[in-house]
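J.: Below you will find the structure I want to go over with you.
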Amino acid sequence: RPPATPEGMALAYGSLVLMALLPIFFGALRSVSCAKSKNSSEMPETITSRDAARFPIVASCTLLGLYLFFKIFSQEYINLLLSMYFFVLGILALSHTISPMMNRFFPANFPNKQYQLLFTQGSGESKEEIVNYEFDTKDLVCLALSSVVGVWYLLRKHWIANNLFGLAFSLNGVELLHLNNVSTGCILLGGLFIYDVFWVFGTNVMVTVAKSFEAPIKLVFPQDLLEKGLDADNFAMLGLGDIVIPGIFIALLLRFDISLKKNTHTYFYTSFVAYIFGLGLTIFIMHIFKHAQPALLYLVPACIGFPLLVALAKGEVTEMFSYESSAEILPHTPRLTHFPTVSGSPASLADSMQQKLSCPRRRRQQSPSAM
């Protein structure tokens, strides 16, 4: 295929950066509201240090398993199955994402009825709730709108529909997955730093899976949009893991800022700027060497290093590392027993978000099972 023009590349890379920043910024803000929820059933999932240490190992096993699946079985049938799975999950994620915004467009006299979907097991004293899903008419409207995007994605696999689902997954991931402290964040990001570098530079596994996986696990933008319009097909891509993993650390620093009660968001803005710097450096290096780059190689040092330097300058290193999100803002937060497993292409964000997809509202799913 002909090489992309400088203008097309600039538009594609600039759009990817903007799309990466939106779910991090708004997801971090929504994570604060989610953290302050007083209803225990609405609490987010919390990643502990133990979870963070196991994360790269489980991620590597999942990534290698996907790679072998694509090598052994027909790619067409695997992607068909995954498309159906992400069709359902994408509709739920997008519905949850647009729900707060759509509520502003409903008139005050809108007939908003309440519904409950209850599924139980057993009877009498041994009766156990499997699903207790509460929703209202407004939720159904959001679900219908999201279903239109879902059908569009299922039938056409258009890059815009892919990005709508990808943005929804990213925002939900940043909002609903919480690190309990900065030390856990450093363990998680450090482990995935090694994971990303190994699987991108050491093998072709990461790149092969990312290109073979026809699911909204990455954001894409055409570099030939100016020449071919919406039918363009020469895509630049960014894995959702490169958004969600740094994003949950940035969201943690926002909650740390709030805990200081100084009415400033110094660490949040510092880490946010650090993310922009790291992602920009990734794109620059990729453009110079013409080779796929592990984004976490540049994002992790930036997102950890910049806030740490600010903490050193302000003399708040002790406060930063002693801050416990679960103790101050998230009392009784349940421990995470299942978590996304692929950083560069986090298809398994799905498993983590299925149980807690609608944190700020009233939906809940009980009896979560570990992976």
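Every residue, even glycine, has its Cβ placed from backbone N, Cα and C.
Where the annotation comes from TrEMBL, it is an automatic prediction and has not been curated.
Take a look at what TrEMBL says about it:
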TRANSMEM  12-32  transmembrane segment
TRANSMEM  52-70  transmembrane segment
TRANSMEM  77-98  transmembrane segment
TRANSMEM  176-201  transmembrane segment
TRANSMEM  235-254  transmembrane segment
TRANSMEM  266-289  transmembrane segment
TRANSMEM  295-313  transmembrane segment
J.: Counting Cβ pairs under 8 Å to the transmembrane segment (266-289), which of 12-32, 52-70, 176-201, 235-254, 295-313 comes out on top?
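T.: Answer, by Cβ pair count: 295-313.
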J.: Which of 77-98, 176-201, 235-254 shares the most C-beta pairs under 8 angstroms with the transmembrane segment (295-313)?
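T.: When the Cβ pairs under 8 Å are tallied, 176-201 comes out ahead.
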J.: For the transmembrane segment (176-201) against the transmembrane segment (235-254), do we get 3 or more Cβ-Cβ pairs below 8 Å once near-sequence pairs (under 6 apart) are dropped?
T.: yes
J.: What else in the chain is close to the transmembrane segment (235-254), if you only count residues 6 or more beyond its ends and a Cβ gap under 8 Å?
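T.: Sequence-distant neighbours of the transmembrane segment (235-254): 9, 12-13, 16, 19-20, 23-24, 27-29, 31-32, 47, 159, 166, 169-170, 173-175, 177-179, 181-182, 185, 188-189, 192, 210, 217-223, 265, 267-268, 270-272, 275, 278-279, 295-296, 299-300, 303-304, 307, 325, 340, 342-346, 349.
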